[in-house]
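K.L.:
I am attaching a structure below and will ask some questions about it afterwards.
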């Protein structure tokens with residue numbers, strides 16, 4: 001395969017490429033099947049933004065927007081009152097949303113939800129730009145999008161950064177999705193910059209790279225893997241001026257990252273808070289990613305045609321890192337599955353498009369097996385897509401059969417009783433992770449946070465407070481130590497009816513049976 005960017009360049013009546021008026025070119029693009037599909041996806045996302053079926057990770061990012069909207073220059077601790085403000089969640093993305101929240105008066109939860117259609121539009125555009133590197137047929141990008149969303153496994157993870165039909169509907173507003181869109185756009189821009197001498201492209205590459213690194217560091221690693229593959233792919237065509245432009249771009253990105261005021265990217269490297277949760281993704285790989293084995297014939301065909309094929313290189317590099325992470329116990333490396341899957345899926349889409357009318361028995365069997373796998377995966381993993389529809393009994397019944405990501409409880413009702421900055425003690429992990437998005441703090445962090453110095457003491461005191469054998473005086477000491485104003489009891493816990501002593505007064509019962517108690521402050 002020749003490493004030339006695929007592109008249908010329009011010609012004028014005089015036969016000169018590119019002379020067709022810009023408005024005519026965009027009109028044709030907007031009438032294409034892919035842009036019609038993208039428009040439908042954006043409209044469906046409006047339904048998701050209204051229903052808010054977001055996974056539990058959504059709430060920590062909403063918390064970041066809330067803290068920044070309260071004080072943009074000094075947001076303070078993310079989860080715990082009085083801690084330092086350093087947090088990787090204070091990214092350019094959440095800073096921008098905080099400014100929107102301040103300007104419009106909308107809550108952090110509302111702003112982070114309502115931005116979803118814009119993110120889908122950005123992602124669809126970036127995906128289209130990336131796919132144009134390989135083929136430009138009218139239906140190719142539609143086919144590629146379908147393969148990327150469905151060719152995963154019998155089941156799928158609802159995990160940020162995974163571009164699947166099960167994950168995306170509940171992770172759309174997250175920084176990983178925004179960073180993934182910029183990643184695709186950066187790859188397309190880099191390939192174009194290496195194919196033609198346009199210095200303006202390097203400016204956009206620098207901007208996109210900076211945004212990715214500061215917004216989602218794991219996606220930044222994925223982006224780097226793709227960049228390495230593209231550089232190897234185009235190595236013999238790189239000119240000295242392009243090499244210098246790349247070095248200048250990298251230097252600017254490093255400088256911008258080093259001067260970001262909210263946190264240090266370098267301190268995140270090797271953090272156990274990032275590494276430990278990722279081990280789950282090594283579980284049952286054939287069950288969750290097995291269908292992508294259908295990409296082997298496509299990748300093999302491309303490798304035989306070009307030993308430096310970019311999709312083969314990207315898949316090989318990323319999978320090597322994933323395997324290395326499993327062997328060495330560096331479980332964060334499993335997140336490199338994202339570019340490995342994406343490259344393999346794009347290879348499948350390209351080969352499907354090329355071989356759609358191929359009558360050879362082997363390719364016909366492969367083509368039919370791939371189509372059946374994609375359609376079957378959509379049927380058994382499409383439950384989260386139905387969140388775009390209005391709530392109804394038939395919809396919920398279908399979701400119950402095909403599977404869906406559970407929607408966390410609603411805690412917005414707390415805003416009618418608590419004031420911004422109040423401290424709540426609860427022994428429910430889900431509640432701790434959600435209520436901070438409404439401007440409150442918790443005694444014990446809902447997420448592992450290396451900037452909280454006394455985490456072990458906080459964990460011990462929360463356990464002591466909710467122990468049925470703890471006396472009232474000790475509970476009063478705990479509430480005084482951590483400036484607790486409220487106690488939230490969740491009925492799923494066995495200690496939900498534990499006596500809290502005379503200093504706690506029941507204020508209200510929540511929609512799911514949660515019991516909110518006000519703590520009487522000591523007069524001392």
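Heads up, the Cβ atoms here are built off N, Cα and C, so glycines get one too.
Caution: TrEMBL annotation is automatic and unverified by curators.
The following feature annotations were taken from TrEMBL:
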type: TRANSMEM; residues: 32-50; note: transmembrane segment
type: TRANSMEM; residues: 106-128; note: transmembrane segment
type: TRANSMEM; residues: 140-158; note: transmembrane segment
type: TRANSMEM; residues: 170-190; note: transmembrane segment
type: TRANSMEM; residues: 197-214; note: transmembrane segment
type: TRANSMEM; residues: 220-236; note: transmembrane segment
type: TRANSMEM; residues: 243-263; note: transmembrane segment
type: TRANSMEM; residues: 286-303; note: transmembrane segment
type: TRANSMEM; residues: 310-327; note: transmembrane segment
K.L.:
Please work out whether the transmembrane segment (170-190) lies in contact with the transmembrane segment (286-303), by counting C-beta pairs under 8 angstroms that are 6 or more apart in sequence and asking whether there are at least 3.
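P.N.:
Between the transmembrane segment (286-303) and the transmembrane segment (170-190), which are separate recorded stretches, there is no contact, as judged by 3 or more close Cβ pairs.
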K.L.:
Counting only CB pairs under 8 A, let me know which of 140-158, 220-236, 243-263 has the most with the transmembrane segment (197-214).
P.N.:
243-263
K.L.:
Could you check if the transmembrane segment (310-327) is in contact with the transmembrane segment (140-158), meaning 3+ Cβ pairs under 8 Å among residue pairs at least 6 apart in sequence?
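P.N.:
No, these stretches are not in contact.
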K.L.:
Please work out whether the transmembrane segment (286-303) lies in contact with the transmembrane segment (140-158), by counting C-beta pairs under 8 angstroms that are 6 or more apart in sequence and asking whether there are at least 3.
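P.N.:
Yes; at least 3 Cβ pairs under 8 Å.
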K.L.:
In the same chain, which residue numbers or ranges, 6 or more beyond the ends of the transmembrane segment (32-50), come under 8 angstroms Cβ to Cβ?
P.N.:
113-114, 116-117, 119-121, 124-125, 128, 138-139, 141-142, 145, 169, 172, 385, 387-390
K.L.:
In terms of Cβ proximity under 8 Å, which residues at least six beyond the ends of the transmembrane segment (140-158) contact it?
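P.N.:
For the transmembrane segment (140-158), the list is 33-34, 37, 55, 124, 127-128, 131-132, 134, 164-168, 170-171, 281, 286-292, 294-295, 341-342, 345-346, 348-350, 352-353, 370, 373-375, 377-378, 380-381, 384, 403, 405.
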K.L.:
So which residues does the transmembrane segment (106-128) touch in its own chain, when a touch means Cβ under 8 Å and the partner is 6 or more beyond its ends?
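P.N.:
Distal contacts: 34-35, 38, 41-43, 45-46, 48-49, 52, 54, 58, 61-63, 65-66, 69, 97-98, 100, 141, 144-145, 148, 172-173, 177-178, 180-185, 188, 412, 437-438.
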